[in-house]
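Q: Handing you a structure now.
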Amino acid sequence: MPQTNPFHSLVPRKMTDTELARSIRLNIEAELDAINLYAAHIDATDNEDAKAILQHVMDEEREHAALFWELIARLDPEQAAHAKEAVEKYRLITSGASHEAVEAVGKEGAAPSPADVTPEKRLTVGSLRR
């Protein structure tokens, strides 16, 4: 009869928040890998029952990844600050702000002026060629 030691994974000490954040990042990686794997399986079959089950499980993995990301934001305030800056940079980029305005996000005393975000500066196929 196979035996498993229920204590085999216990460590002799508790992790610090920094160590836990590193571990949670690996968990996020595993969740994203699972999402990609399930999406590939969905694309590779015509079996509707399998697709439904895979979609359900994939949605759960998406939720897990999101929950882990929220945990990282609490465990690593520096990464949380970068994430907040990224949201602002995304808003500026997609509204056509200048490169300088985007790069100024997070810098001391730098705030994009309203002139940096105008309808005329919206990205178009033509503007990307320049």
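Yeah, the Cβs are placed from backbone N, Cα and C, and that goes for glycine too.
Owing to the predicted nature of the structure, the values given are computational and were not obtained by experimental measurement.
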Q: If Swiss-Prot gives GLU61, HIS64 as binding Fe cation 1, which of GLU31, GLU78, GLU85, GLU88 does it give for that site as well?
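A: Only hit among GLU31, GLU78, GLU85, GLU88 in Swiss-Prot's Fe cation 1 site, alongside GLU61, HIS64: GLU31.
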Q: Including all protein chains shown, what's the count of other C-beta atoms within 10 A of the C-beta of HIS64 (Fe cation 1 binding site)?
A: 17
Q: So around the Fe cation 1 site, GLU31, GLU61, HIS64 aside, which residues have their CB within 8 A of the centroid of those CB atoms?
A: ILE28, ALA30, LEU32, ALA34, ILE35, GLU60, ARG62, GLU63, ALA65, PHE68
Q: Near the Cβ of GLU31 (Fe cation 1 binding site), how many other Cβ atoms are there if near means within 10 Å?
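A: Within a 10 Å radius of the Cβ of GLU31 (Fe cation 1 binding site) lie 20 other Cβ atoms.
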